[in-house]
């Protein structure tokens, strides 16, 4: 593979994470406007976004096998067509069923693209470089989380219809589409058998289970928190939508900066120990945010939370890939799928909590999930295989 093609494929990976980040994170900003558009309570409206998360989960799960059957390039081109259909559905269709179908299509496109992006990074890069590349790739999720809430808040403040926010997000896929047409992709499945190394079957071990559950709890906790921050800030502290959007953007700015910094720092630490420390600090930072009565402190706490939690998810995935001597794409996809289950469950879990006990209770639940991540990471120390496989970095 020549270097220019590798760079194009790497940028496809970056944009795939940005696309998923934009679709998932912008929900908290536009949800109130969409609920008003369809004349529904916001707690009921949140349930329809489960279609987005379900699409992501199903496509990531199935694509572990479909990547070996349908060429990656064809999948991405088809994804572009689906993206156009979904955006057109939001603009032309004015009923809840078409909205739900469009959200599901967004999820399918996002999941396919993200799973391909993750595979490309793990396929093209080895060893320490893989972990730092995954972390940098994941930072584009955060970058989208920084840019699109601000853009969405600006559009909504100017009374521009909410569906134009999704049209703006669609521009990311235009970039993916153009790069796809110019790139050559790795060949998977039977056609690649002759060129591939013999597959070494290894038992994953109980450590993978701990990592998978931690990934689920982390994503569910993170999204369960960040999706309700705008509603919490506007209703509890009487902030306007721009101020609430700025809180969300502050989180993702800090998250992105943290990813860039930790991509250099992590190589000097044992991954299991550092992720345990980061999970503890993130739990504390979220507790301070949820507990404070002073709105002036919210920005400080959410900045701290974004920074210390930035490396947790990617480190969990990297630790998973190090549980076997030979990295297993299916193992990585399994942990990624479990994280996506957390995405899908976001409104399934938090929607009823908000309806029955209020937004603050949903944020407290998210804090409890972060505590669970800390406990799982601590327990992982007794089961992890990355040290015995010689994967410890110094």
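Glycine too: its Cβ is placed from the backbone N, Cα and C atoms.
The transmembrane segment annotation in Swiss-Prot covers 11-31, 51-71, 76-96, 101-121, 134-154, 162-182, 206-226, 246-266, 274-294, 302-322, 334-354, 363-383.
The stretch with the most CB contacts under 8 Å to the transmembrane segment (162-182), chosen from 51-71, 101-121, 134-154, 206-226, 302-322, is 134-154.
When Cβ-Cβ distances below 8 Å are used as the criterion, the transmembrane segment (274-294) is approached by residues 218, 221, 225, 266, 301-302, 304-305, 308-309, 311-312, 315-316, 319, 360, 363-364, 366-367, 370-371, 373-374, 377-378, 380-381 of the same chain, each at least six residues removed from its ends. When the stretches 51-71, 76-96, 101-121, 302-322, 363-383 are ranked by Cβ pairs under 8 Å to the transmembrane segment (246-266), first place goes to 302-322. Most Cβ pairs under 8 A with the transmembrane segment (134-154) among the ranges 11-31, 51-71, 363-383 are made by 11-31. Counting same-chain residues at least six beyond the ends of the transmembrane segment (334-354), those with a Cβ under 8 angstroms from any Cβ of the stretch are 24, 42-44, 46-47, 49-50, 53-54, 56-57, 60-61, 64, 111, 115, 118, 208, 211-213, 215-221, 223-224, 227-228, 231, 313, 316-317, 320, 361-362, 365-366.
Long-range contacts of the transmembrane segment (11-31) within its own chain (CB-CB distance under 8 A, at least 6 residues past either end) are made by residues 42, 45-46, 49, 52-53, 56, 76, 106-107, 109-111, 113-114, 116-118, 120-121, 136-138, 140-145, 147-149, 152-153, 156, 162, 165-166, 169, 172-173, 175-176, 179-180, 183, 223, 226-231, 241, 244-245, 248, 252, 343.
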